[in-house]
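Taken straight from Swiss-Prot:
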type	residues	note
DOMAIN	9-295	domain 'tr-type G'
BINDING	18-25, 86-90, 140-143	GTP binding site
Amino acid sequence: MATTSLDLAKVRNIGIMAHIDAGKTTTTERILFYTGVSYKIGEVHDGAATMDWMEQEQERGITITSAATTCHWPLEDNDYTINIIDTPGHVDFTVEVERSLRVLDGAVTVFDGVAGVEPQSETVWRQADRYGVPRICFVNKLDRTGAEFHRCVDMISDRLGAQPLVMQLPIGAEADFQGVVDLVRMKALVWSADAAKGEMYDVVDIPATHTEAAEEWRGKLVEAVAENDEEVMELFLEGQEPTEEQLYAAIRRVTIASGKSSDTTVTPVFCGTAFKNKGVQPLLDAVVRYLPTPLDVEAIEGHDVKDPEVVVKRKPSEDEPLAALAFKIMSDPHLGKLTFVRVYSGRLVSGTAVLNSVKGRKERIGKIYRMHANKREEIESVGAGDIVAVMGLKQTTTGETLSDDKSPVILESMDFPAPVIQVAIEPKSKGDQEKLGVAIQRLAEEDPSFQVHTNEETGQTIIGGMGELHLEVLVDRMRREFKVEANVGKPQVAYRETIRKTVERVDYTHKKQTGGTGQFAKVQIAIEPIEGGDASYEFVNKVTGGRIPKEYIPSVDAGAQEAMQFGILAGYEMTGVRVTLIDGGYHEVDSSELAFKIAGSQAFKEAARKASPVLLEPMMAVEVTTPEDYMGDVIGDINSRRGQIQAMEERMGARVVKGLVPLSEMFGYVGDLRSKTSGRASYSMQFDSYAEVPRNVAEEIIAKAKGE
């Protein structure tokens, strides 16, 4: 069993992110093959990819859970440790991407050389911008018909607002793609036809056909680096050419600095074809050369356990007290519950006790594993900057902090979006009912965007998620992993309710005096809509002079929040409401927390009825790519679904239609689109915002909810 204290300068914690079909899993597979971890190249096409270890992922050819894998790469006589978090590219799994980005130091973004920057690429890029993650780009699939490297580079600039640094030029195109020109070394890297798996490539002089373009792009590269780096700027102004080493160092500085600033993201761009085994080794060199080590990342910020206002910083050092973030929970068929942890400071040692500072509970660290996609290596301890899987944590959930109990800290947690779609699930037998309970508990632990509640009136179990595919996968896992046989209802939209009018004053007295201890609570509240922003609820206390004792105020707040769970129009959760407690009264003997909670709840319901309540529905940003011939049909169809067309553009000879469409109108869209366009159009959609439902539609929804 190994105990590892890694040299942090030689560690890279990276994610590989992309749109669903850009070839991300294939790229990761090649990385694992060339770094010696995987002896047979796993192919997504035949369902053998190493990272995609859930059965469904192998069937669907997409990555659902981010598996963490450790591999090693030698560069210039040094051995580097690369921890790779594989992230899904399908929009329904954006939560997985969010939580991966939270614990990474750098990322490789993979683009499809044919399609360029696609909708999910933009989403993932924005997520990475939000977390300040430095990136390098890999333009993949250059062996495919219609692949164009430079168009993809332009799209990175135009669509993502980034400044691409072109590091390589392709040699040959489509089926004749042979290798790349390295613009730093000014050499050509050519993969020989003999090496079937692309292990060997030759470093040769740049072919005469490419020297002019190479000179031109080398000049552009140096100029772009000079704009962002003072050292190279000085050389540039003196008319001196930077050396290879100076250029490597400057590109590294620029890439890492752009992650920390809110200005334009500067990103080195590489190219190749992972499927045909060309261009992956230089990409690994680039991961080591340009992406940050845990030491390059600023000290992580958290807050004091007792006072959230007090900022606590922890440097990436083993000399600091322990601070680690649990970012993913997985059920391993052999080991049970595994918690993936990023250690930011201090040391995590097998068999010792740590504090879950969010819950204030002690946890014992069981075994610690360094994970390959579905194999593992046990280690005794792990230090700052590393990512591992831990056994034995019973109470820790995603986003919680493990710290030293003598100097506890709470690291910033992760925000998970509310579900936009839900289905009712009914177990077929009593035995299935019990299994369903276990399955739901496990899946909810693993996936915070999966939510469950019971419909009070029908007694049905309702599960919610981020899209049809997300729920399909969850139900599928219940069947496979937990052997639950259940009937699944049709997907339902997660509507919300809100108010449009301010109600200045509602008085409510809760009184129950029937001998013995009674109940008494009097409240006066106002409610108003919260304009703009994402706040779903605010509570303001304006009670003065002890009219309601301090200890009862939170009960009024709790009562109002409880009432918001079931709105007054159709029982959907309410959002966007500010409640102000103005005044009230109490009784020395009969008042209690419960009495004030009931009063708060009833006063809220009464006020909400008077505040012009309306129904909200999730609107999806839909992007359809279609041949010109079907453009009219596609637009007509979107309009018929209460959609609003927002933009139309041309992309690679096809037309792209962008619009906002209510989710309720998008069920079954994939089949309709296929039949309208003879299967030649494709679409993607992701949640955009909530919008008010038109009155005639709202009336139908309300009547249905009330069973009329």
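Just so you know, glycine gets a Cβ as well, placed from its N, Cα and C.
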For ALA18 (GTP binding site), what is the secondary structure state per DSSP, taken as helix, strand or coil?
strand
CB contacts for ALA18 (GTP binding site) [other CB atoms within 10 A, all chains]
27
Which secondary structure state does DSSP assign to LEU142 (GTP binding site), in the simple three-class scheme?
coil
So what's the mean pLDDT when you look at the domain 'tr-type G' (9-295)?
81
Within its own chain, what residues at least 6 apart in sequence put their Cβ under 8 Å from the Cβ of LEU142 (GTP binding site), listed in sequence order?
GLY113, PHE149, PRO170, ALA173, GLU174, PHE177, CYS271, GLY272, THR273, GLY279
